[in-house]
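Engineer: Just lifted these from TrEMBL, have a look:
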type	residues	note
COMPBIAS	B:442-451	compositional bias 'Basic and acidic residues'
REGION	B:442-465	region 'Disordered'
TRANSMEM	B:12-34	transmembrane segment
TRANSMEM	B:55-76	transmembrane segment
TRANSMEM	B:96-118	transmembrane segment
TRANSMEM	B:125-146	transmembrane segment
TRANSMEM	B:183-206	transmembrane segment
TRANSMEM	B:218-236	transmembrane segment
TRANSMEM	B:318-343	transmembrane segment
TRANSMEM	B:355-376	transmembrane segment
TRANSMEM	B:404-428	transmembrane segment
Amino acid sequence: MEQPFDLTLIWAGIIAFGVMMYVLMDGFDLGQGILFPFAPDEHHRDVMMNSVAPVWDGNETWLVLGGAGLLAAFPLVYAVFLPALYIGVFLLLAGLIFRGVAFEFRFKAKTSKYLWNWAFAGGSTVAAFAQGAVVGAYIQGFKTENFRYVGGALDWLTPFTVITGLGLVAGYALLGATWLIMKSEGSVQQWAYKLAPRLLLMVLVVFAVISVYTPFVDPLVKERWFSGFSAIWILPLLALYCAYIVFSSLRKQQEGMPFVATMGLFLFTYLGLLASKWPYMVPPNYTLYDAASAFESQLFLLLGFLFVIPIVLTYTAWTYWVFRGKVKAGGYH
Amino acid sequence: MELDPLVLSRIQFAFVVCFHAIFPVFTIGLASFIAVLEALSFKTGNPVWQKLSKFWIQVFAVVFGMGVVSGIVMSFQFGTNWSNFAYATANFLGPVLSYEVITAFFLEAAFLGVLLFGRDKVPQGVHLFAAIMVATGTFISSFWILSANSLMQTPDGLELRNGMYHVVSWADALFTASFAYRFAHMALASFLTAALVVAGVSAWFILQKREFETNRKALSIALWMLLILAPLQVFIGDLHGLNTLKHQPMKVAAMEGNWQTSNGVPLLLFAIPDQDAQTNHFEVKVPNMASYVLTHDWNGEVPGLNEVAPEMQPPVFIVFWAFRVMVAMGLLMVLFSIWGLVLRVKGKYYQSTSFLQGLRLMSLSPFFAVLAGWVVTETGRAPWLIYGQMTHAQGVTPSLTGGMALFTLIGYIVVYALVFSAGVYYLLKVFRGGIEKANRPHEQDEVERAKRPFSAAHASLEGDN
């Protein structure tokens, strides 16, 4: 079929944007769970959970849309990543289920509260690690033949994906801590101020390891970054600049800037990753065009998006407006 | 023993989808019931309706939360265990599932917040609107998912090119031959589920002499619903069966336990189908009845399983018995609907202890009926994943091993057992709290936490309050 315009490219943009939105939004609330065991007392944990309670399940609806959207626009990604990451996907879903119900039951619980604390912390950490491992597996590439995954159950689990998994755990924890700085006050905020620089350091160490290691995993990446100077070098430089802003704004005890700059750090790292792998969507064999669904299917859904998403955003904004105002930081006893 | 990834994947899918299905089938009907209560409250201003609505919204919140959590798993099952199927059908299935998210899930999520927590923050008319939007969202969601399922039963509007289906007509693919019947059958099932649960819980409260007048009103509505819906469901179910006979004759043959194509086929009340011997044992039958039901002719020809090779037949024992469980539940519902009418004419439907106790038990019947019905239609399609086009064996993930599938099967069973017991335990506490607790002014801090499904409910997880 003759294509009047490049829908696949548009969809790649939509999916890339959606993934980034999901990472930023679910990142800070998964971060609360990762930091949960380190909180000094139940009061801190109450505040942490409250700070994300109104938004986390909306965020997970975006994850469901991500799954369905990938199937619609890039079915090869769906049909290779999920079988290849079979065990990891299960851990991710189990983690999300446990932390999701922990949100609901912890506030209702009295004697069993510690159990739900563990469910929330464990579920969040496992889910974050699994997502990081997915990123690592994407960089590594997949063993495919004839548009099918042909590798083993645990091919994805390598020292490299363990590092990327831990990297994302640290990254989400940093997002969570800087979010908490913005949304809390008093002892909780001070605790988060103390925590954030250490987390930033961990994130930078892991990112550095990944950046050095990635070119060895993938010759394409090496070629792209080290064969002469290229404009993409601006991305890691901007990421480093953001890290510097995080650090300096934490020292000045600013409230909003650490979170904003951490999002910037994530954004530029992510763009750098995309620049490394472009145009491969299922590396090392398939580009986004190989992975795409039929033109008419992409068009059918895009039309719906254009009409429906503005309506969705409108009524979502309206409900946020209905519940405007500060969320109380108090306990629920 | 060699672990078969195909069998384990089928068990896994059956398990996660059955677990998931019980929640939406209830919330679809309950959302409409709540919208009706809100509308009555808006129109009459009688406080009874709002009292009822407050209680049932709490129940809705818990069940909806369980549905969301188990639903996330479903959207990944196609990729993890059925990747060949997902890839082949992505041009259709991908947009359909995405449309479900953007037209239904977001609508439900956004307006649920207003329904649960907005009563004092928005005008009553807006609150009613939110209730209607949540109910609408549940129906839009079932439209898309039943459309996808119907395509697997009666494929249409697709063309296979290089191993991928391409949609040649969206209208044909979305509205296949079995869609209207399946949608009507399922919508009625959802309403029946809500009606029977409301009836059962109200009956239980009335037996305990709690909030008598309020619960009597709820019971009255539920019984009227039951009286209309239960016989109507038998009629629609019959039409659905005839549609299946036309498009998937082997499914009907398995439902009837009919091994040989013949005329004047009896209706089997009891039998032990034996697939190896291609026959039944211990038949108890009504002569010529199956012919009459299926062809409206006492001597009509009914297709038998002998029309296809044994390996292309569905598992007869499962389909045969699941069908009987579903029909038995449906007939019990009709029986109770008539019993209710008789008692109402005598003016004492809320006084008969045996009737009220019976209704308590009947509140479980729609769940058995719905699960059995889905087992009939899904297992009855076997060995086909897409009827006549792709088998289960062709659709399964090629890289999947038996060990991997077993690992996640056990994993999901453990995870769901934990989550499900916590959820049911909590739901029972909400029921015990009843209308009274749902209408008690509660602590300020709980109101502050907006948009949390479970925080609409006021029971605590342990203890008595």
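Every residue gets a Cβ built from N, Cα and C, even glycine.
Note that TrEMBL annotation is computational and uncurated.
Where in this structure would I find these features, and how exposed are they?
Structural biologist: Residues 24, 27-28, 31-32, 34-35, 38-39, 41-42, 96-97, 99-100, 103-105, 107-108, 111-112, 114-115, 118-119, 179, 182-183, 186-187, 190 of the same chain sit 6 or more residues outside the transmembrane segment (B:125-146) yet have a Cβ under 8 Å from a Cβ within it.
Same-chain residues lying 6+ beyond the ends of the transmembrane segment (B:404-428) with a Cβ under 8 Å from its Cβ atoms: 3, 5, 8-9, 11-12, 15-16, 19, 59, 62-63, 65-66, 69-70, 73, 80-81, 454, 457, 459, 461.
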Engineer: Name the range, of those listed as B:12-34, B:183-206, B:218-236, B:318-343, B:355-376, that has the largest tally of Cβ pairs under 8 Å with the transmembrane segment (B:55-76).
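Structural biologist: Result: B:12-34.
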